[in-house]
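These notes concern the structure reproduced below.
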């Protein structure tokens, strides 16, 4: 209800600013004419895999007492995020590919911008918290359970989602406070800040500056905190005398580092470049929206022995006949 109310308020404020556009036309992914059926099948596979893979990881963490630790608590939150995030834009994109459903209502466009940047902010904050968790685990192992207690983990997790909500709310307010009186063709497969702002019937310099600064400050601050955590982690790992100990310490961080690269690459390419390229933006956004959420289950299971063992146990229990007991 609060999210629905926010969307209605944003729409009402924009209407007061003489907005006459009631719907937008999504132009889709450029240079893909004739490939719609193939792309639909490809994106559908990635989308279903993202939903099922992340749901399986989340349920595995819930069902496995040995995974009830801070590290897997945050991983469970990441799995929930990776279920929500591709669901913001992927269904509309696949509708466009299979049915040529190009139109999206004004309210739908507001919702896409809001949820996309709310979840995007949440993702940045969540990866920062996960980096801090690894820092405490490796640099302060004797105090890990004291520092990362249940209350701290809960507060950090709530903070990531609330922070994302505030981030998305500010950006959505700035963008849809402007009047939109036509044209209404969005040069992308979903509504996002750069392509929507170009359609405004007013000076967008303030909105562009503030949105660029907001996204940049959030992304850069989180990145610097992550970099600081991993610098301390590397220093601590290099002090470990045994090669086996160093290997195990690095292995606990490798999956997280891989995910960070996949997340921050698209953010830099789309939002922090001075010049915009519609084709490159579309490719990067498809990767960020559809492919990355489907890769995280593989990244965190293939490189994590505890998750693999717990997953095998959950799947074997699910495959047992009704009434069977070991």
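Positions of Cβ are set from backbone N, Cα and C atoms, glycine also.
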Segment assigned the feature transmembrane segment in TrEMBL (from 215-238, 287-310): 215-238
Cβ contacts under 8 Å made by the transmembrane segment (38-59) with residues that lie 6+ beyond its boundaries: 29, 32, 75-76, 79-80, 82-83, 86-87, 90, 93-94, 97-98, 286, 290-291, 293-294, 296-298, 300-301, 307, 311, 314
Same-chain residue ranges lying at least 6 outside the transmembrane segment (215-238) that approach it to Cβ under 8 Å: 117, 121, 124-125, 127-128, 131-132, 134-135, 138-139, 167, 171, 193, 246, 249-250, 253, 257, 260, 264, 267-268, 271-272
